[in-house]
Every structure is written in C-alpha cells, then in structure tokens.
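Quick look at what Swiss-Prot annotates:
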- 1-19: signal peptide (SIGNAL)
- 65-93: disulfide bond (DISULFID)
- 67-82: disulfide bond (DISULFID)
- 72-92: disulfide bond (DISULFID)
C-alpha cells in the first residue's frame with residue numbers, strides 16, 4: 001500500500017518538471033517585463049563530414065552555430081531562424 005502514494009508523488013513531480021511556467025499577469029508594465037526577460041540561447045555544433053542542407057546554407061561542418069533572441073555578434077552571421085517551443089530565434093553561424 002505504500003507504493004501507490006510513492007508512485008503518485010513521483011508522477012506528480014514528473015508532471016511538474018515538464019510543465020511550462022504560467023504566463024505573467026497583464027498588470028505588469030512593459031518596461032518591467034523587458035527588464036525581467038532573459039535571453040534564451042541554444043548552442044548547436046555541427047561536426048558532420050558529409051554535406052548537409054545546413055552546410056549548403058553556409059553552416060560548414062565543424063562550425064559552431066547558435067540560436068539567440070538577440071542579433072548575431074562577431075564572428076557569427078545570420079543564416080536564418082530557429083523555432084523552439086513556439087518561439088522564433090535568430091540562427092547565427
């Protein structure tokens with residue numbers, strides 16, 4: 001009988017870990033929301049020997065590419081966009 005509550009607790013923790021945070025209340029000012037917004041960056045590395053569609057687009061093999069909310073910084077240049085969790089990011093290589 002102790003396994004059922006233990007299983008339920010594990011299931012609840014798993015669901016809570018996968019859940020997305022609730023959106024902020026609409027009464028926050030835009031300036032405060034801009035200050036609290038964090039920059040999301042996803043780092044992607046390509047180490048393939050064969051030609052890929054990304055390589056044809058300019059992302060060569062072994063080149064480090066990132067998806068960021070900001071503009072591309074030197075030495076990166078913009079090659080397109082990334083979509084992750086329904087958000088659009090800048091694809092820089």
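For all residues, glycine too, the Cβ spot is worked out from N, Cα and C.
In this structure, the C-alpha atom of residue 82 (disulfide bond) lies 13 angstrom from that of residue 72 (disulfide bond). DSSP assigns residue 93 (disulfide bond) to coil, not to a helix or a strand.
Listed disulfide-bonded residues: 67, 82; maximum Cβ neighbour count within 10 Å falls on 67. Comparing the disulfide-bonded residues 65, 72, 92, 93 by how many other C-beta atoms lie within 10 angstroms of each C-beta, the top residue is 92.
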